Amino acid sequence: MSAEKTLLAVSGGVDSMVMLDMYIKQGMAIGVAHCNFRLRGAESDAEQALVERVATKNNIPIYIRRFDTSCEAALAGESIQMAARRLRYAFFEEICTEQGYDKIAIAHHSDDSTETFFINLLRGTGLRGLTGISAVNGRVIRPLLGMSREQILEYAAENEVKYLLDSSNGSLKYLRNRLRHDIIPRLADSVPDFRRTMAQNLMRLEQAQNFIDNQIAEIRDEVISENIIDLGLIKSQGNYTFVIFELLRPYGFSPEVIEDLCRSTDSTGKQFYAAHWVATIDRGRVIMTERTRQLIEDELICETDERIEQVDVSRLMSLRTPANEALLCVDAAHFPLRVRRWQQGDWFVPLGLRGQKKVSDFLIDAKVSMPDKERQLVLMTGETIMWLIGRRIDDRFKVDEKSRRVIKIRL
């Protein structure tokens, strides 16, 4: 069995260069990944050169990517910091997939975790954000999390580890830097055993969060089916708002949106939006649907009847078709056939019912949810509905013993 391979994220700063030195001394199977975000001109290039030099000297595979981070952030509509994080981790995952690395090592230490606690406390992220930085998260590991910044600097001095200082780390315009250089040092001077106490608190908070995660997982299995959340079952659980928050969090909804949703659970039809999901209140349920491409407006699916031949319908009449298929008599159809969304005022003659019925009334009687109503499509011949797709064909286009031409459509 081959040894586990670890990809080290190395920026050129003291933390990651110390981590690299430790791995080299232990003789482990490693590679080095470096991101040049091109945000600090010559400094960024100097860091890249240092990392390349150390990796090459020790015969370590190195992977470098240069990003136009400012442009990427503008295109994505996000901050420079968020864009850099997204680009960095996507690059690391790409290397692991292509080069067969098992772990990604990040050089976060215990002071980083304390800073993260205070940042998230001030941002109001809830308990989850107060647990600091996890030592293990999937394939990401943080081997220096048990060390403080002071211990890392001592190691660097004792082992003559070369590193470069990031000038932006001294800027007090960033909250993390104000915490690092001003607020936390003053707390450490004022509170005995501050760092040890913080480490204990973070450990206890993480244990509490793990317990909550297990409870929420059990509730999720009970109240969610196919992305439909049963609000009635949640109300019986207690801590109603908190449970909904935890259930919706993986879908990417902000705390403000979730709070608004919790105040609107009786407003059937009301919708709430995240980047990739829509939550719709629907008669005591929250229905989650993905925000995919625009729904079909008017799509041609069958342009001509030239290939439709006369068939023996006796066998077809006995066939049972799945919901996404329809067998239709096209003797009276006009081509081309088109698919579009249903519209208010649409009507058809549902198979098996007498007389015409509005599509809106049919969907209400069938208790179709609001999101499914919005997505409902119809197959048209001219201005006539042939098939309420996935639900019922029009009686005028059913296959019977008089049918001469039949078309099978699958959508």
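Even glycines carry a Cβ here, placed using N, Cα and C.
Lifted from TrEMBL, the feature list:
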type: BINDING; residues: SER11, GLY12, GLY13, VAL14, ASP15, SER16; note: ATP binding site
type: DOMAIN; residues: 337-409; note: domain 'Lysidine-tRNA(Ile) synthetase C-terminal'
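As a summary of secondary structure, the domain 'Lysidine-tRNA(Ile) synthetase C-terminal' (337-409) carries 16 helix, 28 strand, 29 coil according to DSSP. Annotation for ASP15 (ATP binding site): spatial neighbours ALA107, HIS108, HIS109, LEU144, ARG149, ILE152, criterion Cβ-Cβ under 8 Å with sequence separation of six or more. Within 10 Å of the Cβ of SER16 (ATP binding site) there are 24 other Cβ atoms, across all protein chains. Apart from SER11, GLY12, GLY13, VAL14, ASP15, SER16, the ATP site neighbourhood in this chain, defined by C-beta within 8 angstroms of the site C-beta centre, holds VAL10, MET17, VAL18, GLU47, ALA107, TYR163, LEU164, ASP166.
Least crowded of the binding-site residues (GLY12, GLY13), judged by neighbouring Cβ atoms within 10 Å of its own Cβ: GLY13. VAL14 (ATP binding site) falls within a helical segment according to DSSP. Confidence in the domain 'Lysidine-tRNA(Ile) synthetase C-terminal' (337-409), given as mean pLDDT, stands at 90.
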